Amino acid sequence: NPCCDAATCKLKSGSQCGHGDCCEQCKFSKSGTECRASMSECDPAEHCTGQSSECPADVFHKNGQPCLDNYGYCYNGNCPIMYHQCYDLFGADVYEAEDSCFERNQKGNYYGYCRKENGNKIPCAPEDVKCGRLYSKDNSPGQNNPCKMLCSNEDEHKGRFLEQTGRGKVCSNRQ
């Protein structure tokens with residue numbers, strides 16, 4: 001390391017730092033230099049302070065802050081909305097399904113439920129149907145499935161947390 005004296009394991013005279021995201025040529029990076037890029041609208045970029053070689057802690061916007069033109073709300077640095085979850089699970093040309101698909105979540109069976117309690121599938125209340133199993137519409141050529149779902153015994157593929165489900169309502173804890 002050109003900033004350190006190998007014999008003493010200390011910084012050389014005139015060096016402020018030897019490593020770090022905010023260390024350039026043995027000096028602290030200028031204040032305002034980006035050291036961690038934004039990962040989403042809810043995760044702002046971090047910038048060097050000019051007083052340290054380390055990038056400040058990764059911080060997110062407060063959970064519940066509106067994002068994506070008020071379509072969703074920030075949650076742990078992301079703006080979770082159903083379109084993104086459909087895309088993540090099924091790929092391009094797949095979108096949130098029609099409301100009628102989500103009504104299946106009132107049945108409390110493998111094909112539709114809100115949550116599990118002691119192994120039992122609990123149906124969604126009518127106002128919570130978009131907080132249960134996720135349904136997507138596949139617009140790919142040759143596909144004709146308006147209510148596509150991931151067939152899995154796992155309980156993770158649910159409507160995303162903190163998405164607006166109408167008139168200021170959001171999903172939280174699958175309700």
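Note: Cβ is positioned from N, Cα and C throughout, glycine not excepted.
Feature annotation from Swiss-Prot assigns domain 'Disintegrin' to 1-63; the stated evidence is sequence analysis. The disulfide bond annotation in Swiss-Prot covers Cys3-Cys26, Cys17-Cys23, Cys22-Cys48, Cys35-Cys55, Cys42-Cys74, Cys67-Cys79, Cys101-Cys147, Cys114-Cys124, Cys131-Cys171. The Ca(2+) binding site annotation in Swiss-Prot covers Asp43, Pro44, Glu46, Asp58, Val59.
Here the features listed in Swiss-Prot are placed on the structure.
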residue : record              : contacts (Cβ under 8 Å, 6+ apart)
Cys17   : disulfide bond      : Cys3, Leu11, Cys23, Cys26, Lys27, Phe28, Ser53
Cys42   : disulfide bond      : Phe60, His61, Gln65, Cys67, Cys74, Tyr75, Gly77, Asn78, Cys79
Asp43   : Ca(2+) binding site : Asp58, Phe60, His61, Gly77, Asn78
Cys55   : disulfide bond      : Gly20, Asp21, Cys22, Cys35, Arg36, Glu46, Cys48
Val59   : Ca(2+) binding site : Pro44, Glu46
Point to revise | Reported mean pLDDT - the domain 'Disintegrin' (1-63) | key: 95
Check your understanding: If you count Cβ atoms within 10 Å of each one, which of the disulfide-bonded residues Cys67, Cys131, Cys171 comes out on top?
Key -> Cys131
Review point. Can you list, in sequence order, the residues of the same chain other than Asp43, Pro44, Glu46, Asp58, Val59 whose CB lies within 8 Å of the CB centroid of the Ca(2+) site?
Key: Arg36, Ser38, Ala45, Ala57, Phe60, Gly77
**Study point:** Secondary-structure category, per DSSP, in which Cys35 (disulfide bond) falls
**Key:** strand
**Study point:** Cys171 (disulfide bond) and Cys124 (disulfide bond), distance between Cα atoms, whole Å
**Key:** 12
Review point. Of Glu46, Asp58, which of the binding-site residues has the most Cβ neighbours inside 10 Å?
Key: Glu46
